[in-house]
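Single-structure report; data block below.
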Amino acid sequence: MKILILLLFSCVFATVPNFDEFRKMYHKSYKNKTELNLAKKNYEAHVAYIERFNSKKRLPYKLGINKYSDLSPTKKKRLNGYRSSIFSSLIERSEELVAERGILPNFVDWRNSNAVSPVQDQGFYCGSCWAYSAAGALEGSISLSRRTPAIQLSIQQFIDCNYDAKIGNFGCDGGFMNVALFYSSKFDITTGVRYPYMEARNNCSYTKPQTKFVLSSPVQIPKGDEDALKVAVATIGPVATAMDGDHASFYSYSSGVYYEPNCTQWVNHGVLIVGYGTDPVGGDYWLAKNSWSANWGEDGFFKIARNRGNHCGIANNAVYIKINKIV
């Protein structure tokens, strides 16, 4: 499916699938004719936007159609479930990263060490990006501690069992990675196989895992410090963070190094930083994992500009967690 979409956009614009072809490609169905007509209108406007964008020269990234191309801007906002946290007392500060700065590798990709689990799909109706981001950081830490491939942890456990309106975690209506990681440092997290994702909040119900981990408290990277974030990614592993992802260009991102001039420092979407590097066209970038399926972006991943003024607030709310002991 992903290969097909890329081929379509490598050709002339006339090869872009029409709405009926798009519906078949993504198995789309609509409740009534009104909803269908609105989806068609959204899709055609989206295609026109993508064509205009991709016709520009010397851009560091490209756009493409995906399963979100028929959604209205309001519905797309549901995908962004990160809430800016005020509960900094739950986490430690990573001032030690300042002292650890030195010679670091120019390129890091934790996928090459099997420390990143397969890309998942949060779906249309649950703003659970924060849970996927937190789980990814924990999965990476466990993988690197045990020297075994990363295993998908239960997103649903975070949604059901870490729901707490008093501290701002609202399940499918948004939450914080630092609060989720604080929860994981106090309670055992089971696997996604044993407690599968339901795309909705339910009563907390899970079986404790056989292997348990003694975790550190979550550690917050100094706000906006991309150098400290680089140290963390290079020396610790995947890092949970958030960004301003509420832009048409990001929803339609297909490949390359993302740079959106209208991006702000107000973050709203949780993602996982799994590496960094330098692209010959787009320059320095962060490599990040999204939770919008492997049919979005570069097989579910994306590159975003690095060392360009903390682009889209990518380093404003970065947090990681360490494994102290396996019991």
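Yeah, the Cβs are placed from backbone N, Cα and C, and that goes for glycine too.
Here's what TrEMBL has on this protein:
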DOMAIN    19-76  domain 'Cathepsin propeptide inhibitor'
DOMAIN    104-322  domain 'Peptidase C1A papain C-terminal'
Sort the residues of the domain 'Cathepsin propeptide inhibitor' (19-76) into helix, strand and coil with DSSP and give the three counts.
-> 33 helix, 3 strand, 22 coil
Mean per-residue pLDDT in the domain 'Peptidase C1A papain C-terminal' (104-322) works out to 94
